[in-house]
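Colleague: Under the heading substrate binding site, TrEMBL lists Tyr169. The domain 'Pseudouridine synthase I TruA alpha/beta' annotation in TrEMBL covers 205-314. According to TrEMBL, the feature compositional bias 'Basic and acidic residues' maps to 398-411, 432-441. Per TrEMBL, region 'Disordered' is recorded for 398-447.
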Amino acid sequence: MLKRLLQRVVATMTKVAEVAESKSETVLHDVQSGKIEKHSAGTAKDRIKRARYAMLLAYQGREYFGMQVQKEHPTIEGQLINAMNKLGWITDEMKEQPNLFHFQRAARTDRAVSAVRQICSMELPRSDEYSVTGANELNNLLPQDIRVIAMRRATNAFHPQKMCCARTYSYTLPTFAFAKPTQLTNAAFRISKETIDEINSVLSIYKGTHNFFNYTSRREFDDRSCHRYILSFECGEPFLFHDDIRNEDVEFIQLTVKGQSFILHQIRKMVGMVITVIRELQYKSYIQRTFESERVDVPKAPGLGLLLERVHYDLYDRKHAKTHEPLTDWGSAVEARIEEVKFELITKEILLSELRHQSMLQWLADLVRHDFCADPTAEDVQKQGFLTMAVAKADEAREEAANETVHKDDTQCDENNQSQVNGAPVVDALETEQKPTEAEKATATPS
């Protein structure tokens with residue numbers, strides 16, 4: 001029995017030796033062919049644990065062609081991804097294909113539109129350092145008009161656009177945009193409480209679900225994507241900002257709108273429509289007509305004052321409150337930093353740019369003649385607003401003055417012709433009559 005046991009042990013050891021020898025030959029072959037290096041590199045890469053992070057950032061969009069990457073134009077994402085690549089957070093391949101590290105954003109802001117609480121997400125090698133030093137490291141490489149405020153760990157399934165339950169935008173503009181027809185549209189204008197109440201009354205019409213196909217482009221009435229839900233739309237308190245160029249204080253005001261989501265140009269067109277109604281260039285009831293199937297041309301306010309204020313993750317925050325930090329409210333310290341960056345980087349630039357370029361004043365000058373008819377080939381429809389009628393009366397007055405001048409010229413011409421008949425010019429004719437020559441006198445017969 002002992003002999004059989006020894007035979008089994010010897011047989012087992014022989015098999016182990018054969019397997020070991022076979023593996024050694026395979027490894028040696030892989031080393032010679034270069035396969036062993038590739039296999040090891042792949043294994044090391046697979047061992048790197050990755051996690052998803054949320055990034056809070058603010059930016060002044062004036063110099064950029066929107067948020068999303070465009071190869072031929074500078075964008076916010078382009079600058080951000082380049083900085084992450086320089087820090088070694090992502091590879092060159094990921095830089096060219098951001099979907100490889102699951103880069104997403106909450107809102108695709110348009111060209112020249114700014115944001116103060118934009119949220120992005122991405123998968124990076126797992127590290128606690130991102131939350132501590134990540135923002136400063138990125139800011140050292142980013143241009144001054146893009147600032148990363150903070151970073152936080154998010155759930156692996158977090159998607160900033162799909163999990164966002166609402167977005168809040170603001171629109172800052174000079175209060176003289178709401179001047180009545182009997183008031184001057186200039187820097188001396190100061191808005192009244194009654195006008196603010198009227199603005200809020202008009203803004204409330206937009207609350208709820210409506211079809212906003214007239215507030216965007218290249219969409220039809222039956223396109224379901226044009227239906228948007230507005231939670232709130234309010235007018236804030238006015239504030240003064242000093243114009244150093246003209247040495248005067250100009251009054252500004254901010255409109256704030258919160259909705260589930262917005263379509264292209266929607267907010268600017270809502271603001272443009274409200275201004276038109278308050279300035280009495282269109283009836284308040286006309287807003288309801290813009291939600292209907294008839295195509296109308298809603299005026300679009302300048303893009304300068306538009307700002308993405310906040311993206312909301314209320315459902316996400318409640319669901320993951322025990323395991324992850326909230327992404328809607330980042331805490332008092334971060335919020336204080338945001339307000340500081342907001343004024344210096346964005347709000348101040350909006351105010352200064354408006355004072356320098358007077359974009360709202362120029363837009364208001366064109367608004368008087370705006371045609372709500374959507375057909376560009378249709379004849380202009382004369383709107384019966386106060387300013388429109390004033391312009392028409394001014395045109396009539398100029399035409400009458402021109403006709404009166406022509407009439408005076410014709411009258412003067414008639415008087416000159418009449419004076420020729422009465423004799424004054426005839427005397428001149430006698431004075432210029434040729435005198436008879438000496439030969440004519442000699443041959444003349446005496447009377």
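A Cβ is built for glycine as well, from the same backbone N, Cα and C atoms used for every other residue.
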Colleague: Report the DSSP secondary-structure composition of the domain 'Pseudouridine synthase I TruA alpha/beta' (205-314) as helix, strand and coil residue counts.
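Modeller: In the domain 'Pseudouridine synthase I TruA alpha/beta' (205-314), the DSSP-based counts are 27 helix, 38 strand, 45 coil.
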Colleague: Mean pLDDT across the domain 'Pseudouridine synthase I TruA alpha/beta' (205-314), rounded to an integer, is what?
Modeller: 96
Colleague: Return the residues near Tyr169 (substrate binding site) by Cβ distance under 8 Å, restricted to its own chain and a separation of at least 6 in sequence.
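Modeller: Set apart from Tyr169 (substrate binding site) by at least 6 residues yet with Cβ under 8 Å, we have Thr256, Val257, Lys258, Phe262, Ile267, Leu306, Leu307, Leu308, Glu309.
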Colleague: Using DSSP and three states only, what is the residue listed as 'substrate binding site'?
Modeller: strand
